[in-house]
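Taken from Swiss-Prot, the feature active site, proton donor covers His20. Taken from Swiss-Prot, the feature substrate binding site applies to Asp28, His101, Tyr123, Ser124, Asn125, supported by sequence analysis.
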Amino acid sequence: MKKTPLLNIALSRVIASLGHGDILMIVDAGMPVPAGVELIDLALTRGVPDFVSVLDVVLSEMQVESHVLSNEMAEVKPPALQVIESLNLDDQLGQQRWISHEDLKVLSRKAKAIIRTGECQPYSNVALVSGVVF
């Protein structure tokens, strides 16, 4: 059995396969997933699992170079935003970029995979850009 926090087989496989610059998205329950992009659907019910729990586990395994958020997230300020801001202070998410929610949907077409959570707070979505550990 793995010793690290991440137990989900599909998610572990995707993170292990990421190369420099690949995009992995963590999204709320309402974010559409484009055809052809791998979906790792973790959603069980409203709020389970929540965005922050999934982000924490993903960050335990993934080197992040930068991340992309929607402008709407800054306006609505879901609880996930405070956590992301805290992670930024610790330099765990690299450079931050803001785009419109519609542009985030367009960017999702380039994602290697999208992780759907049970999060129901609007605009709780992030695109993580993979970095390297060397």
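Including glycine, each Cβ sits where the backbone N, Cα and C put it.
These numbers come from a predicted model, not from an experiment.
The residues near the substrate site, meaning same-chain residues not in Asp28, His101, Tyr123, Ser124, Asn125 whose C-beta sits within 8 angstroms of the mean position of the site's C-beta atoms, are Val27, Gly30, Met31, Ser70, Glu72, Met73, Pro78, Leu104, Glu119, Gln121, Pro122, in sequence order. Annotation: Ser124 carries the greatest number of neighbouring Cβ atoms among the binding-site residues Ser124, Asn125 [cut-off 10 Å, Cβ to Cβ]. For the pair Ser124 (substrate binding site) and His20 (active site, proton donor), the Cα-Cα distance reads 24 Å. Put simply, of the binding-site residues Asp28, His101, Asn125, the one whose Cα is nearest the Cα of the residue listed as 'active site, proton donor' is Asn125.
Take the recorded positions His20, His101: by the count of other Cβ atoms within 10 Å of each Cβ, the lowest one is His20. The maximal spread of the substrate binding site, taken as the longest Cα to Cα distance among Asp28, His101, Tyr123, Ser124, Asn125, is 13 Å.
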